[in-house]
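Look at Swiss-Prot and you will find D113, D129 tagged as active site, backed by sequence analysis. For 5-25, 59-79, 83-103, 124-144, the entry in Swiss-Prot reads transmembrane segment, with the evidence type sequence analysis.
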Amino acid sequence: MKKLLSLVIIVVGIIADQVFKNWVVANIQLGDTKKIWPDVLSLTYIKNDGAAWSSFSGQQWFFLVLTPIVLIVALWFLWKKMGQNWYFAGLTLIIAGALGNFIDRVRQGFVVDMFQTEFMDFPIFNIADILLSVGFVVLFIAILTDKETK
């Protein structure tokens, strides 16, 4: 049952990410901004050929090699730790986010980013980035609370 739940979460995460990215591309000009919540959140369409803070900009080969490795390792750990809820949640979200951005990189050579925080200076990000970030936080909690690793 957990395998099916993991698959559903991954598929829903990827679909949400891809549908929203396509909506942004169709409705916002590259570089333009639409205010969503004044002084809090805007949608700004950018093409990101790197990672957060534009690190590794222009290094698509790096992501095209690294992402499948991360996915294989995450899937292996997910299989091994399926019964542990924190690992299950974290790894499932990481896989969904990694696949969401990987699809963009393979299809377009860049990732579509759109969420811009207005209240602090932070890189523009997308749904896949949210899934990855939350997944890594949850995985970190899993590792810290895992009795086997202590």
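Heads up, the Cβ atoms here are built off N, Cα and C, so glycines get one too.
When Cβ-Cβ distances below 8 Å are used as the criterion, the transmembrane segment (83-103) is approached by residues 2, 6, 9-10, 12-14, 17-18, 63-64, 67-68, 70-71, 74-75, 77, 111, 126-142, 145-146 of the same chain, each at least six residues removed from its ends.
The least crowded of the active-site residues D113, D129, judged by other CB atoms within 10 A of its own CB, is D129.
A straight line from the CA of D129 (active site) to the CA of D113 (active site) spans 9 Å.
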